[in-house]
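> What follows is a single structure, and I will ask about it in a moment.
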């Protein structure tokens, strides 16, 4: 409207000459000019209170997600700082380098102080040792010390040391290379090391078991002992004694031969009174008999005062 009024005034002035304006018209014209002048500085701007203004930034769920990500990054930064401080305190990195360990060009890692470790995994063909003229001390805090390579394991505890291996084991002197103990029975005969008085095993497979000429061979078990041979079992000695709390069972496919002086204590053998009826109940009676050559055999008792003279016996003519 202001532009139309200005155009009409210009046409009137051009056709009729200069036209004098009143004070009111001049004030209105001056106000319009000021508005147009000020609008040049606000070109391209939109009032911030405009309802149709496009809203930017993270709002709603996106804003909450952004806050969670920022908090998570802050927590990770704090954890990283704590780990860095712990590593710095343990390794003791200072102006002069690392005070707790040394790294050498040959690949040697040397610890300069007492180190607390959980599990150590040496590299292939690596060595763990101590300094010259100093002992290497390895201790466990109320736990066993375990050295393991593949299926071979050495466990050192307070009251025992156990070695487990599926491929055998061998002990030798590192200076003289002399084999002290080996389980390679095809090459070396099995001998207990000097100072070892007993060997505790659950199952052993060997060709023979012998003792020294001046000592006895004692085989002790807490439960049941089974001695089995593929081609027979031969027990030889100056004196052979069997002490057991239960039953002793001898089984053989062909025969059982006892050579030498055989002593059988009958105090523990079950016996029945002479007044019992033969064959009463579920019991079957046998009489223990011995041949002149030491062969033992049993005879079923079918009548009173029955002896060992039966037709079917392993003694032959003499019994």
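Numbers here mean position along the shown chain, with the first residue as 1.
Here the Cβ of each residue, glycine as well, is placed from N, Cα and C on the backbone.
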> Among 25-45, 46-66, 67-87, indicate the range for which Swiss-Prot gives the feature transmembrane segment.
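That would be 67-87, per the transmembrane segment entry in Swiss-Prot.
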> Give me the count of other Cβ atoms within 10 A of the Cβ belonging to residue 291 (disulfide bond).
16
> Near residue 159 (N-linked glycosylation site), which residues of its chain come within a Cβ-Cβ distance under 8 Å, counting only those 6 or more away in sequence?
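Expected: none.
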> With residue 308 (disulfide bond) as the reference Cα, tell me which of the recorded positions 212, 259, 289, 315 is the closest one.
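Smallest Cα separation from residue 308 (disulfide bond) among 212, 259, 289, 315: 289.
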> To see if you understand the setup: which same-chain residues, six or more apart in sequence, place their Cβ under 8 Å from that of residue 212 (N-linked glycosylation site)?
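The answer is none.
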